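Asks: Pasting the feature list from TrEMBL:
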- HIS108: active site, proton donor (ACT_SITE)
- GLY11, THR12, ASN13: N(1)-(5-phospho-beta-D-ribosyl)glycinamide binding site (BINDING)
- LYS64, MET89, ARG90, LEU91, ILE92, ASN106: (6R)-10-formyltetrahydrofolate binding site (BINDING)
- 1-181: domain 'Formyl transferase N-terminal' (DOMAIN)
- ASP144: site 'Raises pKa of active site His' (SITE)
Amino acid sequence: MRIAIFASGSGTNAEAIMNAAKTENLKAEVALIVTDKPKAKVVERASRHNVPILICDPKQFETKAAYEQEIVNELQKNEISFIALAGYMRLIGPTLLNAFRGRIVNIHPSLLPSFPGLDAIGQAFQAKVKITGVTIHYVDEGMDTGLIITQEAVRIEVEDTVDTLQKKIQKVEHQLYPSTLQTIIEEIGRLNK
Ligand code: GAR
């Protein structure tokens, strides 16, 4: 299974997936990293892992459809069959969704449907909830609204700050994302038999 990871920022989740893909824990090849931010740290991580990177700046396209069509062309050229969004901070539009329907998943740092959108960790902290967590879900046209695949809770302790909470959440993400991708890949394999 050749997968692409989309990321806009640091890319720690992308790195966790690339690491897992070098072991038996994740039987997939990370065949492409896609970013919309030329200066994102994920670019450096991808090159360290020798994974090809597609830098596609939406500002260079007249429409979102044209931007996404360029990405779809590259995904097809690279024979990508599955997409994992990992901190890709853009809504997926119909061009990409229709080309990869049911084959795009996302990780979000809250227990959806609570705290969708930007700064989910800060939102949970401000709301003073005692439990937040991580969600992995299929992607649809909405903002963090697709069918939930799995969730893991993270407790917010009184001594936590946004910073310590973020570290706890990311630790969970780095385990949960690769293992969930492996489960999905096994399921796809069973269905294709
Ligand atoms: C992750 O915590 C991910 O859950 C979040 O962005 C972070 C990316 O970190 N995604 C969203 O908020 C999506 N709505 P990373 O670049 O270090 O993997």
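Here, residue 1 is simply the first one shown, and the rest follow in order.
Cβ coordinates come from backbone N, Cα and C, glycine included.
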Asks: Going by DSSP, is ASN106 ((6R)-10-formyltetrahydrofolate binding site) sitting in a helix, a strand, or coil?
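Replies: For ASN106 ((6R)-10-formyltetrahydrofolate binding site) - judged by DSSP and reduced to three states - the answer is strand.
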Asks: Could you measure the widest C-alpha to C-alpha distance across LYS64, MET89, ARG90, LEU91, ILE92, ASN106, the residues recorded as binding (6R)-10-formyltetrahydrofolate, and give it to a whole number of angstrom?
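Replies: Of all Cα pairs among the recorded (6R)-10-formyltetrahydrofolate binders, the widest measures 20 Å.
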Asks: Can you go through the binding-site residues GLY11, THR12, ARG90 and pick out those with a C-beta less than 6 angstroms from ligand 1?
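Replies: Going through GLY11, THR12, ARG90 in sequence order, those close to ligand 1 turn out to be GLY11, THR12.
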Asks: Would you kindly give the Cα-Cα distance separating ASN13 (N(1)-(5-phospho-beta-D-ribosyl)glycinamide binding site) and ASN106 ((6R)-10-formyltetrahydrofolate binding site), rounded to the nearest Å?
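Replies: Cα-Cα, rounded: 11 Å.
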Asks: Given the recorded positions LYS64, ARG90, ASP144, state which is nearest to GLY11 (N(1)-(5-phospho-beta-D-ribosyl)glycinamide binding site) when distance is taken between Cα atoms.
Replies: ARG90
Asks: Quick check: which same-chain residues outside GLY11, THR12, ASN13 lie with their CB within 8 A of the centre of the N(1)-(5-phospho-beta-D-ribosyl)glycinamide site CB atoms?
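Replies: Here the non-site neighbours turn out to be ALA7, GLY9, SER10, ALA14, GLU15, ALA16, VAL42, ARG45, ALA86, GLY87, HIS174.
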Asks: Want to know which recorded positions, from THR12, MET89, ARG90, LEU91, HIS108, are within 10 Å of ASP144 (site 'Raises pKa of active site His') at Cα; which are they?
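Replies: Those near ASP144 (site 'Raises pKa of active site His') - Cα within 10 Å - are LEU91, HIS108, in sequence order.
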Asks: Tell me, roughly as an integer, the mean pLDDT over the domain 'Formyl transferase N-terminal' (1-181).
Replies: 97
Asks: Looking only at Cβ atoms, how many others are within 10 Å of the one on ARG90 ((6R)-10-formyltetrahydrofolate binding site)?
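Replies: I get 14 for this one.
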Asks: Based on Cα distances to ASN13 (N(1)-(5-phospho-beta-D-ribosyl)glycinamide binding site), point out the closest of the recorded positions MET89, LEU91, HIS108.
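Replies: Given the candidates MET89, LEU91, HIS108, the nearest one is HIS108.
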Asks: Taking just the CA atoms, what is the gap between LEU91 ((6R)-10-formyltetrahydrofolate binding site) and HIS108 (active site, proton donor) in Å?
Replies: 13
